[in-house]
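Summarising the annotation, Swiss-Prot assigns 3-amino-2-oxopropyl phosphate binding site to 7, 18, 191, 213, 214 and lists sequence analysis as the type of evidence. Annotation source Swiss-Prot lists active site, proton acceptor at 43, 70, citing sequence analysis. The annotation 1-deoxy-D-xylulose 5-phosphate binding site is assigned in Swiss-Prot to 45, 50, 100. According to Swiss-Prot, the feature site 'Transition state stabilizer' maps to 151. Residues or ranges marked as active site, proton donor by Swiss-Prot: 190.
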């Protein structure tokens, strides 16, 4: 079964735009769980423009599903993850001022750096995932670094899907097969939506997890959070 992890960063963005605590990020996360989400994802950035470190600490003891913290592994980020001990940490190669993730790791160039991080998090009992594109070599070096999983960066798929679904999914099927052959788990995320999620899941049914935030929260403005989560989970049913 492919798990749906809801990224709640956009909820925090809305809260921070006005100040105060409305919407309540913690309540939304707990409601997502109650409505069927199998995980919660947060991406705390250095400027705390959406999720704050205090949110991460507040969420950890309250969540009953998988907690995934993603981000660039700066010393501050590593320290936060080791203190909070989520179920999973997803490493992304973002610059501090980046609006959103837009590429996977060059795992070959960063092999020693990533290997050390995999060891650090692994010793703490935290499952590791490295954000990568579909290049076979990058996936192979993620395995060499000791990653438990990779998360495929799916923006190229989402962009091409409306024009040519078969061409859009083809490199991701191959990347998914390589990942499976190397014994790693498989996650996916970035620009997945109700438009393109079911097609991806149909062709890669062994996905362990999809992390979805922007599209899901946008859909919830029209359908409500409960129905939206149900619709996304329907896309993940065989």
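Even glycines carry a Cβ here, placed using N, Cα and C.
Proximity of residue 191 (3-amino-2-oxopropyl phosphate binding site) to non-local residues of its own chain (separation of 6 or more, Cβ distance below 8 Å) is seen for 154, 155, 157, 158, 159, 214, 215, given in sequence order. Note on proximity: of the recorded positions 7, 18, 70, 151, 213, the one nearest residue 45 (1-deoxy-D-xylulose 5-phosphate binding site) is 70, by Cα distance. When the recorded positions 7, 18, 43, 50, 213 are ranked by how far their Cα is from the Cα of the residue listed as 'active site, proton donor', 213 comes first.
Per-site Cβ counts within 10 Å over the recorded positions 18, 43 peak at 43. With respect to their backbone Cα atoms, residue 18 (3-amino-2-oxopropyl phosphate binding site) and residue 50 (1-deoxy-D-xylulose 5-phosphate binding site) stand 12 Å from each other. Nearest neighbour of residue 43 (active site, proton acceptor) by Cα distance, taken over the recorded positions 50, 70, 151, 213: 70. A C-beta separation below 8 Å, combined with a sequence spacing of at least six in one chain, links residue 50 (1-deoxy-D-xylulose 5-phosphate binding site) to 9, 10, 12, 13, 16, 43.
Among the recorded positions listed (7, 70, 213), 70 has its Cα nearest to the Cα of residue 151 (site 'Transition state stabilizer'). Just so you know, of the binding-site residues 45, 214, the Cβ with the fewest other Cβ atoms around it within 10 Å is the one at 214.
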